[in-house]
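Working notes for the structure below.
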């Protein structure tokens, strides 16, 4: 078990501990539960889905990287597939506050980058900030997405974001988590192709500026992130954050990164290179390359 889970795990009910122990045994537990595992945990504990999600929130929050705020937020995105995806907030010392990943963004990006096609609900241990409410409004689940908070009845995003502004106001039809493939040819080595594949998945209807990042760890594991734009612009999630989020959720740390590649168009309206390189260098990675899409 990864050390970050030990304190939260010890506070769980005995029957939940027993059912979770074999799942968490892997140091690189991917911070997600397949639908079959969710069913196993429900049967072992007698908890319904909502109660189980609340019980697991401390494990999600244990994934937080909060060197600045020391305020851990955990979220669980429940996919329409039945799979559950953990998320937690991330802060990056030496970078800028704008690079921060919120817990809801973390869980949603986690689900999206794992191939989930839509979300049924998000469970979170603190009320979503305005930034996250706007981020969630980009999803193909729309304002019907259910949000679950401890001690409160479940509500929809519509309740938390009244008079919402979103992609439909800008006549955008393809939404975040809809399947997209921008068709850029795969070239180069495995890591380069992974970055291009991530760029092909980008949700960028406002700038038409696709981008993707691939991070290679010292053990050969590769994590990718795709660019996810938002109708309100500022809640947009850069591709590097998506990749770093997956890396961290899978139990890796920044010193494990040995190489990084950004894929983007050289003449795009928005360029990720400077911000990507600056953040990676702040985290100790200097082996950074850029491949141009075309």
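Heads up, the Cβ atoms here are built off N, Cα and C, so glycines get one too.
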Listed co-binder of Zn(2+) (same site as 129, 132, source Swiss-Prot) among 70, 102, 182, 203: 102
Long-range Cβ environment of residue 90 (substrate binding site), under 8 Å and at least 6 residues apart: 64, 65, 66, 100, 101, 106, 241, 244, 245, 248
Those recorded positions of 89, 91, 104 having Cα within 10 angstroms of residue 132 (Zn(2+) binding site): 104
Extra residues within 8 Å (Cβ to Cβ centroid of 102, 129, 132), Zn(2+): 103, 104, 105, 128, 130, 131, 133, 135
Residue among recorded positions 91, 104 with least C-beta crowding, 10 angstrom cut-off: 91
